[in-house]
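**Student:** Feature annotation from Swiss-Prot assigns domain 'Globin' to 1-145. As annotated by Swiss-Prot, phosphothreonine applies to Thr11. The annotation phosphoserine is assigned in Swiss-Prot to Ser43. Swiss-Prot lists Lys58, Lys81 with the feature N6-acetyllysine. Annotation source Swiss-Prot lists heme b binding site at His62, His91. Annotation source Swiss-Prot lists S-nitrosocysteine at Cys92, citing similarity to another entry.
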Amino acid sequence: MLTAEEKAAVTAFWGKVHVDEVGGEALGRLLVVYPWTQRFFESFGDLSTADAVMNNPKVKAHGKKVLDSFSNGMKHLDDLKGTFAALSELHCDKLHVDPENFKLLGNVLVVVLARHFGKEFTPVLQADFQKVVAGVANALAHRYH
């Protein structure tokens, strides 16, 4: 998946990420750009407009929770399937989330990182993070196979 150099680069960069801010924005953008994903968050209240979604405290809180789990995965890049096994089971068996949504969220996360970090988020880092989010999406979809 990742070389030792790529792991070092993404891990060092991830230390700069404010998961509360980035997580809320990434989940919010997912819900706005792919509105069918909102069906999993009906209990979150008003998701009727982009502003409502982006300012919804439950979206922000869940986005932080998602990125807290992602942060845990960043500590276990060599065992993403093991790290995300319980979440894969939850999302497959209980929540019935389409595993394609994990890929969508990963791609949105990369866009949000680029927005927050600008030129510091180099093309090389972007490529490395694309590998990470693909690995996480694959690990989360593992239970579906």
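Note that Cβ sites are derived from N, Cα and C of the backbone, with glycine treated the same way.
Because the structure is a prediction, the values reported are computed rather than measured.
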**Student:** Could you put numbers on the helix, strand and coil content of the domain 'Globin' (1-145), residue by residue per DSSP?
**Tutor:** 115 helix, 0 strand, 30 coil
**Student:** Near the residue listed as 'phosphoserine', which of the recorded positions Lys58, His62, Lys81, Cys92 can be found within 10 Å, Cα to Cα?
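**Tutor:** If one measures from the Cα of the residue listed as 'phosphoserine', the recorded positions that come within 10 Å are Lys58.
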**Student:** Taking the domain 'Globin' (1-145) alone, what is its mean pLDDT?
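**Tutor:** The predicted confidence over the domain 'Globin' (1-145), as a mean pLDDT, is 93.
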**Student:** Based on Cα distances to Thr11 (phosphothreonine), point out the closest of the recorded positions His62, Lys81, Cys92.
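**Tutor:** Its closest listed neighbour, by Cα, is Lys81.
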**Student:** Check each residue in the chain of Lys58 (N6-acetyllysine) that is at least six apart in sequence and keep those whose C-beta is under 8 Å from its C-beta; list them in sequence order.
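**Tutor:** Lys58 (N6-acetyllysine) has long-range Cβ partners Phe41, Ser43, Phe44, Gly45.
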**Student:** Tell me which residues of the chain lie with their Cβ under 8 angstroms from that of Lys81 (N6-acetyllysine), as long as they are six or more apart in sequence?
**Tutor:** Ser88, Asn138, Ala139, His142
